[in-house]
Amino acid sequence: MGLLARIRKEWFIIGIVVAIACARLEPSVGVKGGPLHPEITVSYIAVSAIFLNSGLSLKTEELASALLHVRLHLFVQCFTLIFFPLCIWVLVHVLELTSMNQWLLRGLQTVGCMPPPVSSAVILTKAVGGNEAAAIFNSAFGSFLGIVVTPALLLLFLGSSSAVPFSSIFSQLFMTVVVPLLIGQVLRWLKEWLERARPPFGAVSSAVLLLIIYSTFCESFSRPNTQIDHISLLLLCFIVFSVQLSFMLLTFVITSRPASGFTPADTVAVIFCATHKSLTLGIPMLKIVFAGDENLSLVSVPLLVYHPAQILLGSVLVPTIRAWMNSRQKALKLTSLQPI
């Protein structure tokens with residue numbers, strides 16, 4: 001395989017490296033208020049583009065079928081909003097025996113209380129070829145559910161309560177998720193043209209994800225925290241990646257068993273939706289919960305590390321997970337064709 005062919009095949013991985021490098025060189029471009037204006041281009045336009053793209057590419061019958069997949073939805077929501085925060089609570093109590101900064105540990109617990117995001121899990125599921133419809137439902141439903149559940153979890157685990165701006169968050173989620181998805185479904189009356197032209201839906205979603213990766217790392221690189229020693233920061237990064245890998249492996253093992261009743265495509269959706277956490281809802285909520293607290297920046301660090309880490313880790317694992325899903329689907333198809 002020639003160099004150009006290799007670059008075309010691995011363009012997304014190369015794009016991740018370039019996006020992170022550009023963010024590191026000049027983070028001010030992609031931060032809030034910067035030339036890129038991510039508070040508009042990412043929070044609204046990019047997320048809307050993701051769900052408009054999904055609405056166009058998803059068959060209406062597939063979306064309707066996903067809504068009835070109650071077992072999958074129940075598993076994802078219970079895992080991310082019950083099992084996840086409980087495990088982090090146990091981990092935090094163990095880490096309290098070390099010399100790790102206590103405010104970083106409180107921040108780690110807040111990560112566990114967050115709902116799934118509305119964009120990254122959907123894009124990664126689509127990139128693999130998993131059950132995109134189920135990913136859309138769980139990401140959107142989890143975000144709406146998180147508006148109520150997350151403050152209750154923060155009160156339970158941290159003793160902190162917050163007056164969440166329900167109306168503003170609800171309206172943003174509705175305008176960036178529900179409306180574009182419905183518009184995409186309405187535009188599917190161009191069904192014959194879509195099947196003939198075969199627009200590059202996957203490439204569009206991947207390009208949008210690169211924009212999200214870039215703006216996320218710009219935000220992270222623009223917030224150097226001098227109060228954190230390098231050892232604590234490295235330890236935190238190690239913990240975050242370990243938690244993500246462990247939960248991804250756990251969800252994979254549980255849902256890939258034949259007795260689970262989930263298809264390989266379902267497993268892909270669960271892996272991403274149940275283990276990812278929302279920065280969009282998380283940061284505003286932390287600013288409310290810890291308003292006026294001088295340790296807010298420290299509490300925010302674990303979420304700021306977790307968010308880019310989940311996108312980076314998920315993106316790197318896309319080829320591996322896709323290869324597993326394709327091989328598993330082929331094996332199941334061959335099995336079903338064999339005479340009894």
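Counting starts with 1 at the first residue shown.
Keep in mind that glycine also has a Cβ here, set from the backbone N, Cα and C atoms.
Just so it is clear, the model here is predicted, and its values are computed rather than measured.
Taken from TrEMBL as is:
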type: TRANSMEM; residues: 12-29; note: transmembrane segment
type: TRANSMEM; residues: 41-58; note: transmembrane segment
type: TRANSMEM; residues: 70-95; note: transmembrane segment
type: TRANSMEM; residues: 135-157; note: transmembrane segment
type: TRANSMEM; residues: 169-189; note: transmembrane segment
type: TRANSMEM; residues: 201-221; note: transmembrane segment
type: TRANSMEM; residues: 233-254; note: transmembrane segment
type: TRANSMEM; residues: 305-325; note: transmembrane segment
Stretch-level contact, the transmembrane segment (169-189) and the transmembrane segment (12-29), CB cutoff 8 A, at least 3 pairs: no
Cβ-Cβ under 8 Å with the transmembrane segment (305-325): same-chain residues at least 6 beyond its ends: 12-13, 16, 20, 111, 117, 120, 124, 127-130, 209, 212-213, 216-217, 220, 236-237, 240-241, 244-245, 248, 264-265, 267-268, 271-272, 275-277, 279, 282
Tertiary contacts of the transmembrane segment (233-254), as residues 6+ beyond its ends and Cβ separation under 8 Å: 79, 84, 87-88, 91, 95, 100, 104, 108, 260, 267, 270-271, 274-275, 301-302, 305-306, 309-310, 313, 317
